Amino acid sequence: MSDSRGSAGQVTLDDLRVRIDAIDCELLNLISERARCAQQVAEVKLAAGDVGEDGQVQFYRPEREAQVLRRIMASNPGPLKGEEMARLFREIMSACLALEQPIRLAYLGPEGTFTQQAAIKHFGDSAVTKPMAAIDEVFREVEAGAVQYGVVPVENSTEGVINHTLDSFMGSQLKISGEVVLRIHHHLLVGPNTRREKISRIYSHAQSLAQCRKWLDAHFPHAERIAVSSNAEAARQVRTEWHSAAIAGDMAAKLYELEKVEEKIEDSPDNSTRFLIIGDSSVPASGDDKTSIVVAMRNQPGALHDLLAPFHKNQIDLTRVETRPSRSGAWNYVFFIDFRGHRDDPLISETLESLRQCAADVKVLGSYPVGVL
Ligand SMILES: O=C(O)C(=O)C[C@]1(C(=O)O)C=C[C@@H](O)C=C1
């Protein structure tokens, strides 16, 4: 080994760069070896005829990916943060999966939406993504088999549930195979023709305008607020329009080359949105899972109590309960319930069984790994 000390006993820049080059070389070889392993995994899966409910070989394994990322975060020695390290491995796995078979996804578009950002956060950059104009079109694209998975928003921490997504589940056989939570940062963006003091119109999606309402009241009380179909559409519009600004995220700012007049203008600092991954197949337990169900209750006194009693009895952690009008008959309601645990856990299957005794209908939308990143 060469002496890496400078004249004053210090490590020199050149020495450190030689070390970094050597480490990169090792990383390169190790990542390549990992990629060759993934290719062999694909051969094993093909030879075993390892097909899912959609009749296709299951190259993508959500539960395994969650376990890999959790292990990386748990054993990360630092100084990089666990989440940072997991993001690097997310990309390595995404590229490895693309060697087995590139994954195809539909998401709520247009390009530049937070949903696209969530899709890339969950599947990595090697996924082939296709923007759709509406949530029900994402469902239809997956149902038609044009893509393997879909990504749709389901709830926002400040604005609540996205009803279109819940309603789409009612008429669909698709299952939930994952969740991803994205911190939502809104920026005030302008095109090359607009200066801050000239802004008279502000475009965004209605939810984003609502999420920045206090900031807008304080800083742009006289600007007209115009709701459009998405943040990305707002960004596209102000690219060429004078005296106009958009509220949108980083992805749209980059895509339309807009200037950030002000960053992070959301009223609530921990504003986040949860997205669901929808597909055809059920996901085995990963060790830390959630289950989502829809329950139709009989219209009788004590129905809500009966619904919640089995969860209480078995000490199951409910993470969300949402009510929506059922589409069959006036004044009938269904409950969307999320809770910790996997449908194959004995306690969870017992709870689901008790629920079936008192409910008119129980549909399991899916058990899936708790979002890691
Ligand atoms: O373990 C598998 O089943 C693999 O296909 C390998 C691998 C990986 O790169 O670690 C790749 C894709 C899957 O989604 C999960 C994991």
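Sequential numbering from 1, following the chain as shown.
Placement of Cβ uses the backbone N, Cα and C atoms for every residue, glycine included.
Bear in mind that TrEMBL entries carry predicted annotations, made automatically and left uncurated.
Record features (TrEMBL):
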- 7-104: domain 'Chorismate mutase' (DOMAIN)
- 104-280: domain 'Prephenate dehydratase' (DOMAIN)
- 292-369: domain 'ACT' (DOMAIN)
- Thr273: site 'Essential for prephenate dehydratase activity' (SITE)
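Across the domain 'Chorismate mutase' (7-104), DSSP assigns 69 helix, 4 strand, 25 coil.
Helix first, then strand, then coil: DSSP counts for the domain 'ACT' (292-369) stand at 24 helix, 33 strand, 21 coil.
Mean pLDDT across the domain 'Chorismate mutase' (7-104) comes to 95 in this model.
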